[in-house]
Amino acid sequence: MNFPWDQLLVKGNWMIISAQIAAPFLVIGLIAVISYFKLWKYLYKEWFTSVDHKKIGIMYLISAVLMFVRGGIDALMLRTQLTIPDNKFLEANHYNEVFTTHGVIMIIFMAMPFIFGLWNVVIPLQLGARDVAFPVMNNVSFWLFFAGMILFNLSFIVGGSPAAGWTNYAPLAGEFSPGPGVNYYLIAIQISGIGSLMTGINFFVTILRCKTPTMKFMQMPMFSVTTFITTLIVILAFPVFTVALALMTADRIFGTQFFTVANGGMPMLWANFFWVWGHPEVYIVILPAFGMYSEIIPTFARKRLFGHQSMIWATAGIAFLSFLVWVHHFFTMGNGALINSFFSISTMLIGVPTGVKLFNWLLTLYKGRITFESPMLFSLAFIPNFLLGGVTGVMLAMASADYQYHNTYFLVAHFHYTLVTGVVFACLAGLIFWYPKMMGYKLNETLNKWCFWFFMIGFNVCFLPQFILGLDGMPRRLYTYMPSDGWWLLNFISTIGAVLMAIGFLFLVASIVYSHIKAPREATGDNWDGLGRTLEWSTASAIPPKYNFAITPDWNDYDTFVDMKEHGRHYLDNHNYKDIHMPNNTPVGFWMGIFMTIGGFFLIFESIVPALICLAGIFITMIWRSFQIDHGYHIPASEVAETEARLREARIKEREAVSHES
């Protein structure tokens, strides 16, 4: 076996060396803590091998928050480098690595698992379902994502990170990027992408087949509707990217020439493949975010969502148009006027259904009895900030004007105004909103609001000046500039904004830690002062029972739960319990994830034999699973009755305590 040992150690500045020294101690420390508290068996049996959608969702969310920290550190490094002219904080290639990993981590390893985590926690509960359609696949999906995440983050200290940008354009990502860096990009995203595709298929079938029988599609909660439409985008878009990654992997490792002009390949083929996936990917993360806003705004406005059916059709329209706009990412790359005109118009058209959504949210707020809890603050801040991102998007959609905006900081500001306000605000709002459903207690609202104000103000301080920098000609991906360029002051202000955002995130961390220690535990399930409007609020808090619902709930309207509460039927209990069938835990996903991680690592360093051995291990695991006779197990009706009796008693005590305090 010829393994390139000389490529393992990354020789760089003090930050890389510090990370290389710290990483082994962090791993050893984590192992020591788990061993000291004797948690290995508990973690393996209750979490790593779990097929409970709620626990898998929490594991996704923990991973996403960790990646938010990693991506945020990258962002602070970028802003520190650009704070003053001719800064020596980062050298050119290290800067390229950092902005590449920042983009990949924030979109693929932060935003997507955040969305998938909330899908797992909320969607089956909103649908009145026991679990997802394919629980074992759900476990496998998570571990494939986790394997890709581990591999990509390993690149910083072992072998070197990719430095060709998050778009990884050929030929820069080919012959001009020697070493394992781009291989990390290709293999890690490929493994994670397979898991994402499996998740899309799983939730597509779950929403079709597992929702409560009386729930019709046009009456589903908006988060479930946007999830269903998003799964269609995942199923259609991810295979394209899977093929593109496989072709570039073949180019780099096996010497094919799909993206090399000299031998009949076509570099622009990669750009088309990437953006046929890449622009729908934006809507893969933003449509579920729209669904979250459509749950949070009616809750704290105490009103029905205005225009529910028009919201569904607008979501479908956005999803359809998302596949017809990819060329707007390279208007300047030599297309003819006819092609640019078509994609310019199709891009502008997306503003129509998006505008419908914005007006529906505003009309939901109109004459509502609004309370300003932190999820609502994020939702309200989203509307004007996202509008600015959308308007600048229409400016960029004009092909002739794009020749001036393209690859400047105007574009950087635009996509951060859409993705941060559209997705990150929603993820933070959704995490706070559904946190009591997962953990049984609310996060501290004072700290949450400090998080909001620092994060929202910091965001605008950071990115609003970048519109001006772009109009003044500052190119994106520029690692330094001269004093004579005149960009110092705005870059300095932008960096201050990034620091404010980091402080805001620290307030959220403080809220999580403080609330874990101090917050009162809640049992009612309808945690936001009884304002919940969908079925997940009818179940117990703190990871609801494995079976979710003791009886199958009825659902006749998208505000059925509000009507149920008005008539005193909000806890879905007729005492007519039956045995409930549930799936068994499985080790398949965990071990496939280990094989994927090890095999992917060897393939990154082009060591084929060990990679093939790990591939064989994956197939053996799948074959072993196929021969297992696993019919699941049943929770006896008597156990269901005991559980429900305990929950009723806890709810009574909680209501009495609230009445006594008032």
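Any Cβ shown, glycine's included, is placed from N, Cα and C.
These come from Swiss-Prot:
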- HIS102, HIS416: Fe(II)-heme a binding site (BINDING)
- HIS279, TYR283, HIS328, HIS329: Cu cation binding site (BINDING)
- HIS414: heme a3 binding site (BINDING)
- 14-34: transmembrane segment (TRANSMEM)
- 56-76: transmembrane segment (TRANSMEM)
- 103-123: transmembrane segment (TRANSMEM)
- 187-207: transmembrane segment (TRANSMEM)
- 228-248: transmembrane segment (TRANSMEM)
- 273-293: transmembrane segment (TRANSMEM)
- 311-331: transmembrane segment (TRANSMEM)
- 336-356: transmembrane segment (TRANSMEM)
- 376-396: transmembrane segment (TRANSMEM)
- 451-471: transmembrane segment (TRANSMEM)
- 492-512: transmembrane segment (TRANSMEM)
- 608-627: transmembrane segment (TRANSMEM)
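Positions of Swiss-Prot features highlighted on the structure.
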residue : record                     : contacts (Cβ under 8 Å, 6+ apart)
HIS102  : Fe(II)-heme a binding site : GLY71, ASP74, ALA75, LEU78, TRP166
HIS279  : Cu cation binding site     : SER322, PHE323, VAL325, TRP326, HIS328, HIS329
TYR283  : Cu cation binding site     : THR230, ILE233, ILE318, ALA319, SER322
HIS414  : heme a3 binding site       : GLY389, THR392, GLY393, LEU396, PHE467
HIS416  : Fe(II)-heme a binding site : GLY389, PHE459, CYS462, PHE463, GLN466
Cβ within 8 Å of the mean position of the Cβ atoms of HIS279, TYR283, HIS328, HIS329: remaining residues of the chain near Cu cation: TRP275, GLY278, PRO280, VAL282, SER322, VAL325, TRP326, THR347
Other parts of the chain folded back onto the transmembrane segment (14-34), taken as Cβ under 8 Å at six or more residues beyond its ends: 40, 43, 77, 94, 156-157
The transmembrane segment (56-76) versus listed stretches 228-248, 492-512, 608-627: most Cβ pairs under 8 Å: 492-512
Paired segments the transmembrane segment (451-471) and the transmembrane segment (492-512) in contact, 3+ CB pairs under 8 A: yes
All-chain count of other Cβ atoms within 10 Å of HIS329 (Cu cation binding site): 21
HIS328 (Cu cation binding site) CB neighbourhood, other CB atoms within 10 A: 22
